[in-house]
Amino acid sequence: MRLEMIGLRTWLLATVVGWALLVCVLAVAGLGKRVELLPDDPALVQRLPALPAPAPERLGPFEKYAEIAAHPAFAEDRLPHPFFLSGNDGSGAASTVRLTGVLLTSTFKMATLTLDPADSVRVQLGGDAVKGYRLLALQPRSATIEGPGGTQTLELQVFNGQGGQPPTAIGGRPQAPGAVPPLPPNVPPAPATPAPPPAEVPQQQPGGQAPPTVPPQRSDGAQEAPRPSDEQMRAIRERIEARRRQLQQQRQGGSTPGQTQ
């Protein structure tokens, strides 16, 4: 067979088979079994960088910061003051709180605080905070509280007799005979009221019939209610007496069976 007649595909397959046989022979001969590390070369070893010396401790012990807390740097008097997140100094909140009530017993202690004219809270000693206020100590006329304005001692406010509205005068209050009520200051006296005219005596009309009785009128123009006559008063008394006798008989009739047993 001539070489010119062999195709390209045949040459490609023959090349692959030849290389495969070569690799198999080398593997059987021990190819790759004697892989070893090269000896160390001192010239190739790089020098490690030197670490800098440790710096001294900058923060220092925690005890040093106690002086900063005792003498704050941003305070004008270098004294500690309460810190407010709202941005105010708390004087407005502290000035509006007033102690208006104290309740002291052997087992219960409570104080009433007035925050504004329309709002008040009740805080109990040893209890939870109410609207940011907590009761720390309570005395008969003072209380120590902790709130947005810090810790403060409030004195119990009592009425000193000044200000407020005067008591309402009662119209039907009896007065001593001959007593004259005092006039308010800077008020002119009321003009004298003319005496009412005497009541006219009803005249007997011809025929023996009395004229109709006209109820007397008061000075203010209102008519007075007619008074009951003697016959009406007598009839009312008789009804009351009859009712009393009836109740007495019923009471005696109900107690008689119990007495006979």
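Our numbering is plain: 1 for the first residue shown, then up by one each step along the chain.
For all residues, glycine too, the Cβ spot is worked out from N, Cα and C.
As written in Swiss-Prot, here are the features:
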- 1-10: topological domain 'Cytoplasmic' (TOPO_DOM)
- 11-31: transmembrane segment (TRANSMEM)
- 32-261: topological domain 'Periplasmic' (TOPO_DOM)
- 158-261: region 'Disordered' (REGION)
- 179-200: compositional bias 'Pro residues' (COMPBIAS)
- 201-211: compositional bias 'Low complexity' (COMPBIAS)
- 227-244: compositional bias 'Basic and acidic residues' (COMPBIAS)
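Broken down with DSSP, the compositional bias 'Basic and acidic residues' (227-244) shows 15 helix, 0 strand, 3 coil.
This prediction places the mean pLDDT of the topological domain 'Periplasmic' (32-261) at 73.
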